[in-house]
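According to Swiss-Prot, the protein carries these features:
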DOMAIN    4-169  domain 'EngA-type G 1'
BINDING   10-17, 57-61, 120-123  GTP 1 binding site
DOMAIN    178-353  domain 'EngA-type G 2'
BINDING   184-191, 231-235, 296-299  GTP 2 binding site
DOMAIN    354-439  domain 'KH-like'
């Protein structure tokens, strides 16, 4: 990552994620009154006084608990601090200093970076000074009374933060970044895949379903191309999800699909294609994203020379409505074929952004109509395609101007889409055909009437 990092740390439920949302101007980190909601490192861009930087939210630090996740969370915090230029220790001004705050402060004093103390939940500026004064005892310098919810005092805190940051370098534009969402059912190996791709334990990996709750962004670069990888909460059937942090994480996962240009749909090779996989694929189609189907845990499958073909057939049968997607069989645990994912993602993004000239589109249409004319209606009306033109990309969208859209039934529309794919490719991306009525004389005036051969 090229931008400087500001790490947010503290014990559970002091308002770290609320502060991240305040500093970055968007509600991305999950906020809930259940302690320990944030487990992984989540990065978000921020800007203050001509400085661009990333704010990293971390899990709540607890030193005196044997819960399985806590050693993993501590490792995530250590990694975040190793990346950071400055850390913000968030404490609760209403509760005052706790033993946990003192323990964390002692640990932070051993780290080789500046630490600022943000005394949160100081809703009154007058009382905030008194609430903040107590935290001088932590030995980390002047406390900053703030209200993450209302924004009080955050400007002064940011002024001090940016004093530790270098001037902003010229950054490549957002249009150069390919957004890639990693989605799938719980425990199919999404976080393991992210870690294998990045080369570090970026997201917490655990055999317990639902470990990842936030959508987590990681910027990586391969062969000169930058990718933003978004690891998401596993998506289960709605009836199995309580209206707590996991519910919000699933909503975040759906929003991650909306943000993405390419989606990696991760399947578990041991489970095959499930009903929930089909629903996820349907969401990807609805959002118009490019897609690469990643079959994980391939190393655990007993194989013969036909296994991969049988599995591909199953994928094509059960996910036939997303049959244009590319497939790759990997093992995130062993790293098998993981590096080839970037090649597939790059090709899918290229096709997703692709534009085709009007002349080429009409050559395809002329051939298609010549091979298979539009069927006539029961009343004898013949469907006619006058011309087509691409009106947008991401995904490629082609408007077809016809005499009456009602004359073109689903099977013929699928035939036309198939001809575009056969002659032009579009592997890895959906294409959308817009059937529009147009009078014959208008088409003839343009001189682009598609005729039967």
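Cβ atoms here come from the backbone N, Cα and C positions, even for glycine.
Owing to the predicted nature of the structure, the values given are computational and were not obtained by experimental measurement.
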Neighbour count (Cβ, 10 Å) for residue 184 (GTP 2 binding site): 24
So which one is it: of the binding-site residues 61, 122, which has the fewest other Cβ atoms within 10 Å? 61
Compare the Cα of residue 190 (GTP 2 binding site) against each of the binding-site residues 10, 13, 16, 58, 61 and report the nearest. 58
Please report how many Å separate the Cα atom of residue 61 (GTP 1 binding site) from that of residue 298 (GTP 2 binding site), as a whole number. 36
Using residue 13 (GTP 1 binding site) as the reference point, find which of the binding-site residues 184, 187, 298 has the shortest Cα-to-Cα distance to it. 187
State the Cα to Cα distance, in Å, between residue 184 (GTP 2 binding site) and residue 122 (GTP 1 binding site), rounded to an integer. 40
Residue 58 (GTP 1 binding site) falls, by DSSP collapsed to helix, strand or coil, into coil
Rounded to the nearest angstrom, how far is the Cα of residue 58 (GTP 1 binding site) from the Cα of residue 187 (GTP 2 binding site)? 21
Tell me the Cα distance separating residue 298 (GTP 2 binding site) from residue 16 (GTP 1 binding site), rounded to the nearest angstrom. 39
Radius 10 Å, atoms counted are CB only; among the binding-site residues 58, 187, which position scores highest? 58
Mean per-residue pLDDT computed across the domain 'KH-like' (354-439): 92
